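First up is the structure itself, then whatever we jot down about it.
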Amino acid sequence: MLNIAALRQQQIPLAAEPRSPVPFHILMKPIGPACNLACRYCYYPQDETPVNKMDDARLEQFIRRYIAAQPAGAREINFVWQGGEPLLAGLSFYKKALALQARYAPDGVTISNSLQTNGTLINDAWCRLFREHGFIIGLGLEGNEALQDYHRPDKRGRSTWSAALRGIDLLHQHQVDFNLLVVVHNEMAAHAAAIYVRLVSLGARYLQFQPLMSEGAALREGYQLSADNWGRFMVGIWRQWRKRCDRGRVFVINIEQAWAQYFTHTSGSCVHSARCGSNLVMESDGQLYACDHLINTEHRLGRLDEQTLAAAVDASVQLPFGQQKSLRRECQTCSVKMVCQGGCPAHLNAAGNNRLCGGYYRFFSDILAPLRPFSRDLNGLKAWRAAFVGTAHTA
């Protein structure tokens, strides 16, 4: 049972947690890099990094202060839980988190939770928790069984495909909303159509594709996604999605976010925002970092108990990588800059260029073609929607 009174006595004194002047999110890693899988491309050096589960005192401090530091007028506060494998924290951990959220949430503010998992530990008890509290689940999966078993084995080198599919089936049975997250690497480039069909056959309505980061174990294993293969794969997904007339039935987040950004001038992804730095990461020991893919000394912002969250957000926003991500000359004259914005700073090569640039250009050029005749405002959005009602195959 969570002892709120005892936790309050352990709090580091704060006269008041000041509000951040800008919206921000913190991705929480309650068990750090701990995981039951041994993915070949994982960016965490698991053999070298100590693993510690977040204790109750730090969990309470984080939730209390994260809620208090949100900008004035915030109507929804989203908690994102990731790992490693965050389910290793245990059911009781998330029940405590939910109780704390309910205690500290101001009147009129909605609390939501998202969790990214490999799916292999999901059971009925987890699904009941997810369903009752409206969790959105992101489930990492390779494109097919052969890819999954080679690239995402368990700690003993055994297959994880069946366990992941069992988790997906349980999410369906309990009517838990989820999306499939697919890490794209060179081996997949020629098989986009088949991979798309297989993923949709699993009943997935939301798909998200993420380029493989070449860091950590990914470098040691020789992974290096090329710009050509990234573009080739994503165009293949786009064309298969159109061919099957899946608009409105299957939501490919990479496409939907770019389309929304074209008309609204705002991005739902830090990767393609005009600047980044407002999506922080906190490890189980309270260390804050500017970016999930830049967990290193250079981008370390300090501990939760060393500063206010508003100060941490301000420091993150001011880091050069966040300020200058789309200021390169080639970006300024690019015809897809409005939805690309230079991509992720973690993808820059030694010359300061995004190593996926050509792939983004090819993909965005294709998917923006149907939108070009329409003005980039809400009137254009309304006109575009009206023009393509019932003609999903042309969009």
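Placed from the backbone N, Cα and C atoms, the Cβ positions cover glycine too.
Quick look at what Swiss-Prot annotates:
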{"type": "DOMAIN", "residues": "18-249", "note": "domain 'Radical SAM core'"}
{"type": "BINDING", "residues": "Cys35, Cys39, Cys42", "note": "[4Fe-4S] cluster 1 binding site"}
{"type": "BINDING", "residues": "Tyr41, Gly84, Arg152", "note": "S-adenosyl-L-methionine binding site"}
{"type": "BINDING", "residues": "Cys270, Cys276, Cys291, Cys344", "note": "[4Fe-4S] cluster 2 binding site"}
{"type": "ACT_SITE", "residues": "Asp292", "note": "active site, proton acceptor"}
{"type": "BINDING", "residues": "Cys331, Cys334, Cys340, Cys357", "note": "[4Fe-4S] cluster 3 binding site"}
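Structure coloured by features recorded in Swiss-Prot.
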{"residue": "Cys35", "record": "[4Fe-4S] cluster 1 binding site", "DSSP class": "coil"}
{"residue": "Cys42", "record": "[4Fe-4S] cluster 1 binding site", "DSSP class": "coil"}
{"residue": "Gly84", "record": "S-adenosyl-L-methionine binding site", "DSSP class": "coil"}
{"residue": "Arg152", "record": "S-adenosyl-L-methionine binding site", "DSSP class": "coil"}
{"residue": "Cys270", "record": "[4Fe-4S] cluster 2 binding site", "DSSP class": "helix"}
{"residue": "Cys276", "record": "[4Fe-4S] cluster 2 binding site", "DSSP class": "coil"}
{"residue": "Asp292", "record": "active site, proton acceptor", "DSSP class": "coil"}
{"residue": "Cys344", "record": "[4Fe-4S] cluster 2 binding site", "DSSP class": "coil"}
{"residue": "Cys357", "record": "[4Fe-4S] cluster 3 binding site", "DSSP class": "helix"}
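Residue pair Arg152 (S-adenosyl-L-methionine binding site) / Cys334 ([4Fe-4S] cluster 3 binding site) shows a Cα separation of 37 Å.
In the structure shown, across all protein chains, Cys39 is the one of the binding-site residues Cys39, Cys334 with the greatest number of other Cβ atoms within 10 Å.
Between the binding-site residues Cys35, Cys276, Cys291, Cys331, the minimum number of other C-beta atoms within 10 Å of a residue's C-beta occurs at Cys331.
In this structure, the CA atom of Cys291 ([4Fe-4S] cluster 2 binding site) is 22 Å away from the CA atom of Cys331 ([4Fe-4S] cluster 3 binding site). When the Cα of Cys344 ([4Fe-4S] cluster 2 binding site) is compared against those of the binding-site residues Cys39, Gly84, Cys331, Cys334, Cys357, the shortest separation belongs to Cys357. The shortest Cα-Cα distance from Cys340 ([4Fe-4S] cluster 3 binding site) to any of the recorded positions (Cys39, Tyr41, Gly84, Cys276, Asp292) is found for Cys276. If you measure from the Cα atom of Cys39 ([4Fe-4S] cluster 1 binding site) to that of the residue listed as 'active site, proton acceptor', you get 17 Å.
Geometry remark: the residue listed as 'active site, proton acceptor' versus Cys270 ([4Fe-4S] cluster 2 binding site), CA distance 11 Å.
Most Cβ neighbours within 10 Å, among the binding-site residues Cys42, Gly84, Arg152, Cys270, Cys340: Gly84 holds that distinction in the structure as shown.
Each residue contributes its Cα atom, and for Cys334 ([4Fe-4S] cluster 3 binding site) and Cys270 ([4Fe-4S] cluster 2 binding site) those atoms are 19 Å apart. The number of other Cβ atoms within 10 Å of the Cβ belonging to Asp292 (active site, proton acceptor), over all protein chains shown, comes to 18. Excluding the listed site residues Tyr41, Gly84, Arg152, the same chain places Cys35, Leu37, Ala38, Cys39, Arg40, Cys42, Asn118, Gly140 with Cβ atoms within 8 Å of the centre of the S-adenosyl-L-methionine site Cβ atoms.
Gly84 (S-adenosyl-L-methionine binding site) has Cys35 as its nearest neighbour among the binding-site residues Cys35, Cys42, Cys270, Cys276, Cys357, going by CA to CA distance. In the three-state DSSP classification, Cys334 ([4Fe-4S] cluster 3 binding site) falls within coil. A distance of 16 Å separates the Cα atom of Cys270 ([4Fe-4S] cluster 2 binding site) from that of Cys357 ([4Fe-4S] cluster 3 binding site).
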